[in-house]
Amino acid sequence: MAQQQQQKQPRLIRLFLQLFLFTLSYRGTCGYYEEMRYPCAFIDTTNISGSYAMDSSFNGSYIHNWTVIPREWVAIYDFVIEDGVRVPARRHLRGCVCKQTPCVRFCCPDGQIYDLNEKQCRQPHSMSVNNLPPDHSHMDIELNNGSLRHIELRSLYSIHVETPCKHMKALRKNMEYVHWTLHENGTITHRGHMFTKHYCFTPLQLANASWDWQPLACAPEKLHFILGTREWTYAICLFISIISMFIVLIVYIMCSEMRNSFYGMAIKSYAVCLIFGYALLAYLTLHDPANISRAGCRIIPSLALMHLLLSFYILSFISFKLYLSFHGVVLTKLMFWLIFTPIAFIAVGWSCFVCFSYHGSKLVFGSDTCWFDPRNWSVMVYFFAPIFIACAISGFFYVLSLIYLSEQPEIEAEKNFESIEKNRFKSFWKFFGYTALAWFVCVCSFAFNYYRGERSHLNYAVCICMAFHGFAALYALIGKNQQIQNFLRRIEENNDDEISVPMSSF
């Protein structure tokens, strides 16, 4: 028994070490594991589902288009690559056909050319017999011995007709097409530079009206950055709103009656959130996403999203506080922080979730743009939908407050001078109405631009609404708030007393 236990202990130790080393190798070499799992790159494969599987005497090989594909070059795939992005798909068989026979890829069927402007295949405009584009049958090929010959392609290559990406582009040098050489092993080179595998050939017409085979590469689908009048107008309007919110913040900090109250703390927090949110939006508007790092292109919009959403949820619990104040419930500065903290955690969590989320097959932030992509509905899902929820919560408490006030008898003393809470209620909801109007124009502008597929002059209305939002804060939160107005009058009276000196002193 003792000898058996001594034999089991080394076995357990070896098993533990093997598991430990396997874990390290798996965690540290996930990319290598994926390469071992699939026998070749996805671009070198084709879907061979339904192909004839040979018996065990041929080691389980497959026949696809009269080509024998060994079993070790076949794997089950649960994804496809679309525009360079891995997209989940139904499980299917794919074989490394380009590993068996070199592949040559054409963008369009025989007799058609790829239009670089329209991004699709079409018939060539010049259809004269003497100027037809070349067909797929023959091409100049550099053999392994260095000689250049005009050879039939099907004798050496496997022909594929498809575009690997939705948008293809030709590589130029000094505004002219580069002559690329197709080699016998399927590679394409020019002066020692190798062309990417994600390509397709198309005949393009040169300046002398002759045709030349050109390999097209996948063009990035990023939006073209424009820093024009519309962008500068939007940034200036955001800056105007930032200045207005900064004035509101300073006034509420100086006013002793509002400084430490629940309402005053909420307005100050709201102003700080909008200042940071609008400043980050202005930064993204004026900077080319290509000049922003990959991390910055995800962190900056996430911070902007967090501050803007948090500002709307601050408005929600201000409306909740105003409703409670009519029932005699007094909320202190401590209560503000107790309510604000979980809401801040929700905003931070949502921003982090959006930062790592995919809309379709692309990241919400950092794939093509450094803000929400205007070509899809991601902004409606991740930005405008939470804002709508915050507005719905605020509207709910507004209706409850109106119902309560309508049921209360009007006191004679309040006919000449409104109570503090009623005055806050009116000034706050004026500002909330202006805010909702400004952001409603933003939603309409996005929907209209998305429907048209391009930006319109309605974007200037968004710019005006951003500046209007700042002026609305000055008008409603300062001009219509009696406590703030009384504080400003006292400052003005003190200044007048210091300037006016009685004559007796002379």
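Here the Cβ of each residue, glycine as well, is placed from N, Cα and C on the backbone.
Where the annotation comes from TrEMBL, it is an automatic prediction and has not been curated.
What TrEMBL says about this protein:
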DOMAIN    40-218  domain 'Methuselah N-terminal'
SIGNAL    1-31  signal peptide
TRANSMEM  232-255  transmembrane segment
TRANSMEM  262-284  transmembrane segment
TRANSMEM  304-324  transmembrane segment
TRANSMEM  336-359  transmembrane segment
TRANSMEM  379-405  transmembrane segment
TRANSMEM  431-451  transmembrane segment
TRANSMEM  457-478  transmembrane segment
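Simply put, out of 232-255, 262-284, 304-324, 431-451, 304-324 has the most Cβ pairs sitting under 8 Å from the transmembrane segment (379-405). Nonlocal intrachain contacts for the transmembrane segment (431-451), taken as residues 6+ away from its ends with a CB within less than 8 angstroms of a stretch CB, comprise 315, 319, 374-375, 377, 379-380, 384, 387, 391, 394, 398, 458-459, 461-462, 465-466, 468-469, 472-473, 475-477. If you count C-beta pairs under 8 angstroms between the transmembrane segment (232-255) and each of 304-324, 336-359, 457-478, the highest count goes to 457-478.
By the count of Cβ pairs under 8 Å, the stretch nearest in packing to the transmembrane segment (262-284) among 304-324, 336-359, 457-478 is 304-324.
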